[in-house]
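Enquirer: Checked TrEMBL, it gives:
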- 12-32: transmembrane segment (TRANSMEM)
- 175-196: transmembrane segment (TRANSMEM)
- 233-287: domain 'PAS' (DOMAIN)
- 290-340: domain 'PAC' (DOMAIN)
- 425-477: domain 'PAC' (DOMAIN)
- 478-529: domain 'PAS' (DOMAIN)
- 612-829: domain 'Histidine kinase' (DOMAIN)
- 857-972: domain 'Response regulatory' (DOMAIN)
- Asp907: 4-aspartylphosphate (MOD_RES)
Amino acid sequence: MNSIKNLNIKKWLYIVIVSSLLICIGITWIYFKQKQIIKHEITVLENIRQARIDLTRGFLHVGLAADSNSPFKQEVGIAYLNQAINVFKKSLTNDIQSELNTISESEKELLKSFIINVSGFQDTLENTNYSGGNDAKLKTKLRIQFYSLEKQADQIDTLINVKLKRLSATLNSDFLIALIVAGLLLILICIIFFNLTSKINKSNKDLIESQKQLKSISNNLVNGMIYQVAMYEEGTRRFNYVSNAVNQLYGCTPEEVLANSELIYGRIHPDDIEELILAERKALANKSVFKKEARVINPDGSIRWSYYVSHVSIIDGVACWDGIEVDITERKQMEIDLLTSKKQIEESENKYRVATEATKDGIWEWNLVTNETLYSKRWYAILGYDVESNNLQFSYLDWESRIHPEDKSYVLQALKDHIEKGIDYNVEYRHLHKSNEFRWQNSIGTAIFDDSGNPIKMIGAIRDINKNKVADQQLNEERNFLKDILESMSEAFVSLDDNWCYTSVNSKAGEILGKNPAELIGKNIWEEFPEIVGQPFQLSYEKVMNDKVSIQMEQYYEPFDRWIENSIFPTKDGISIFFSDITSRKKTELELVKTKEKAEQSDRLKSAFLANMSHEIRTPMNGILGFSSLLSEPGLGKEEQQEYIKLIQISGARMLNLISEIIDISKIESGMMEVNLEEININERMDLVFGLLNLDAEDKSIQLLYNSKQFSDLYLVTDPEKLYGILTNLVKNAIKYTDKGTIEFGYTVKDSFIEFFVKDTGIGIPAAQQAVIFERFIQVDISNIQARQGAGLGLAIAKAFVNLLGGDIWLESQEGVGTSFYFTLPLNVKNEWKNAQTNRIPKLEKQTSAPLNIKLKMLIADDDAISRKLILKSVQEFGKEIIEAKTGREAVQKFKENPDVDLILMDVQMPDMNGYEATKAIREINPDVIIITQSAFGLTGDREKALLAGSNDYITKPIDKNELLILLNKYFTQYSM
C-alpha cells in the first residue's frame, strides 16, 4: 500500500515539473507576443509623431508664404502637409486604430477630427494663389485656421509623448514580471521536489512501522483473524498468510494452516460451503469485495457463525484474497432473538388489535415522519362512520380539520407540548360527527422515539364522552345557578366533604375567613385553620358529620377577634355551614351588660356618695351652727370666743373645699372644664404647694419634703391651676392617709416629658382596690380602712386634670408601707438646664394686701341680704359712702343717680336683670367705672362671661377679704395719698 503511495508521489512529482516547464514556456511566449504588439504600437505612434513634425514644418512654410506672397514656399508647405496627412490617414485607419490599445476612443476621435481639419486647410491652400497679392482678409482667415490647427497639433503631440512613455514602461515591467514569475516557478519546483522526496522517505518508514502494527493487530485481534488465500485455476486453495488468531478460532497453528488449507475449509458447514465458493467466484468476476456469512463446526460439534470480508488482487496471475474472518456468533444469536421478539410483538399487536376492537375506545396511530395515520374501526364508529361500508381512510389533515375551531389551538398545542416537552397528552375536545354536529371526545396518546431521541410516531386512543360532557355542562349550570344564589346571600356559606376539604366557599365566607375563596377549594379545614382544632367549632362539626344532626351555635373566634354564629347541616357527602359575623351584635350586648353593671355600680356609688355627702355637709355645718350658737351665750371669755371663731372658720373652709370638689367633678362630667395654657416656672408652683400644705403636715407631725435638686428653673406650657390642683389633691391625700413618717413630692425630667411624684409612708392601698382608686366616690367603697374625711373625689379630679393636660397617672402601693403616685406632663418648652446643688425647702409667707389709703364711693348689687351685709362689713373701713341695690335694674338706676361711684361690686344671679346685663347697661353710661363681678357659680367660663360683659375683674364667693383688698389695690393704688 505504501509502495503504491510512493509511486503516486513520484508520478505527481513528474507532473508538477512538466507543468511548471510548460507554464514557463507559455509565459515566455506571451511575453514575446506582447512585446511584438507593443513595438508595433510604438512604430505607429512614432510615425504619427513624425507626421506631426512634418505638419508643423508645413504650417511654418505656409505661414511664410502667406507673409511673403511666395508661391514656392506655399508649395513646399503644402508638400509637407500632404506628407503628414497621408501618414496620419495611414496610421489611423480602422485596422490600425483597433490595434492601438493604449489610445482611448475619445483620443482617437480627436485624431480623426484633426485630420479632417488639416485636409480642409490643405484644400484651401491649394486653391489660394499667393503670387498675386491676395486680399488681406483671406490671409487673416488662413492665419486663424493655421493657429487653430497648430493648437490641436500640440495636443496630439502631448498625447503621443505620454503614450510612448507608458508603452516603454509597460514593455519593461512585463519583462520584469515574466522574469519574476519564471524565477518563482523554478523555486516552487525545487520546493516540491524536496518535499516529495522527504515524503517518499517518510512513507518508507511508515510502511515498515505499519507492517509491524499490522502484525501486532493480527496477533491480538479478538474473535477474528487476518488471512491471505490464493485460489488457483484448478480450484485448489492455499493460505499464504494467517494470523495467530487462527488458533483461537480453529484450534490449530498458522504453520499447520499454511500446510493444509482443509483445516479451515473442511470445518465450514456443508450447507454453506457451496454458497461461499459461489460468492468468491462472483466477487472475482466482478472484482468486487467478497462478503459472506457462514457456519463453522467446532471440534465439539457445536456451531458458530463467521463473517468473511476480503478483497481480491492478482499476483503473478494468481487470484489472492486478502481478508478477515470474524466470529459473529453472539451477534447472530441476538438477531435470532430479535426476530423471535419481533414475531412475539407482532402476535401481541394482533392480540391488542383484537382486544381494542372489542373495547369502547378508538385506537389511532400517527407516523410523525411520513404524516400517515391509522385508525381503528371503533375510532370511525365514534365519529358515526362504518369503515367497511364506506371504505374510509382519514388523513392527519382530515382529523385536524374536523376539530372544533374553539378547541383546535388548544389540542394542537397539547400535541406539541407532549412531543417537545414530554407533557402528558390527555385532552377533551369537540370533533365533527357524521351527523354534522360536534361531539365531545377524550383523547390520550404517547410518543415513541428512536435511539437518537427523535420522535417517530404517536399512538393513542379516543373515547366518546359526549353524554358525560353534556351532563357535566348541565350540572355546571345548576352549580353556577346555586353559586349565584350563595354569592348573593348576606350570610357566609361553606361546604366540606367527608375528608374535611372545602368544596364550596362563597365570597362572604372568604371575607370573614380572610382567604381567597378559590384558593380554599380542595384544602383541608384543619390544615388551613389549625387553631380551631380541639375547639367547640371542631367538636360541633364532627358531631354533625358523624351523627347527621343539625347544630346552631355562637362562638368567639380568638384569631380573628370575632364572634361567629354557625348553622351546621349534614349533607350526603359532608356538611354545609351557614355562618355570619355577629361581633357587632355581641359587642352591643356586652356593652349593654357593662352599661347595666356600670349603671348599677354608679347607683350604688351615688347612694354611698349621697350618704357620705350628708355626712360631709352636716359635719362642717354642725361646727358652724354649733359654735355660732355658743358664741351667743353670755359669760364667754375672749379666748373661748377666738377658739370658737377659729373652729367656725375651719368648718367653713372644709365646707368650701367640698363644694369646690363637687363643682370640679361636675365641670369634668359635663365637658365644661377648659384648659388655659401659659408658660410657667415649675419650681415656683412647687414652692406654692409646699408653702400651702406644710403647716397641715406639721400639724400631724409629718415631715413634708420637696425635692427640686435636678433643676433650679424649669419652664413648661400648661394650665397652672390644673397643675396646682393635681399636686394639692395628691399631697392632701397623702397627708390625709399618713399618720407618721414623711411625704416627699417633686419631679424628674425624662426625654420628652416631666414625671411628677408624691410618695408617702402612710397606710397604703390594698391591691384589690388599686385598679379603681381613681374612680369617683371610691373612698366610700373601701371598707377595710379607717374612715377619713372627704368626698372621695380628689383622685378622680387629679386623674381628669392629668388627662386634660396630655399626661398619664398611676400608683405603686404596698399595704402598711406606703403609696407613691406618679403622673407625667409633656415637656413642650426648650429649657437651658442648670443643675441645682442643694435641696430647697422654702417657707412662704401668706400673701397679704397693703392697706388701702383712700376712701371710695361704692355700689353693692346683690339680691342676698346676708351677702350684702358681709361685703359691706368687709369694705366699710375704706368706704366713704356705700350704696346698696337688690336687683340689676335697681343697680343701673342707682348708678344713674350717683354717677360719681368709684367701685361697683356686681353679683351675677339677680332677679329682674342679671349682673351681666346690668354691667353692659352701666358700661353704656360710663365706660371707665371699676366693676368687679362676684359670683357663687364658680364654673368654667364665668370669668370670661364677666369680662365680655364689661367687668374689670372677677371674684368668687365666699369672698375673702384679703383677696378683695388685693383687687382694690390693683385698681386704686394710684389714687392713694
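Cβ coordinates are placed from backbone N, Cα and C, and glycine is handled just like the others.
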Enquirer: What does DSSP give as the helix, strand and coil breakdown of the domain 'PAC' (425-477)?
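Expert: Going through the domain 'PAC' (425-477) residue by residue, I get 12 helix, 30 strand, 11 coil.
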Enquirer: Using a Cβ-Cβ cut-off under 8 angstroms and a sequence gap of six or more, which residues of the chain neighbour Asp907 (4-aspartylphosphate)?
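Expert: Spatial neighbours, sequence-distant, of Asp907 (4-aspartylphosphate): Ala861, Asp862, Asp863, Asp864, Ser867, Gly915, Thr933, Gln934, Ser935.
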Enquirer: For the domain 'PAC' (290-340), how many residues does DSSP put in helix, in strand and in coil?
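Expert: Secondary-structure breakdown of the domain 'PAC' (290-340): 12 helix, 31 strand, 8 coil.
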Enquirer: Under the DSSP assignment, what numbers of helix, strand and coil residues are found in the domain 'Response regulatory' (857-972)?
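Expert: Its residues divide into 55 helix, 27 strand, 34 coil.
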Enquirer: What mean pLDDT score does the domain 'PAS' (233-287) have in the model?
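Expert: Here the mean pLDDT over the domain 'PAS' (233-287) amounts to 86.
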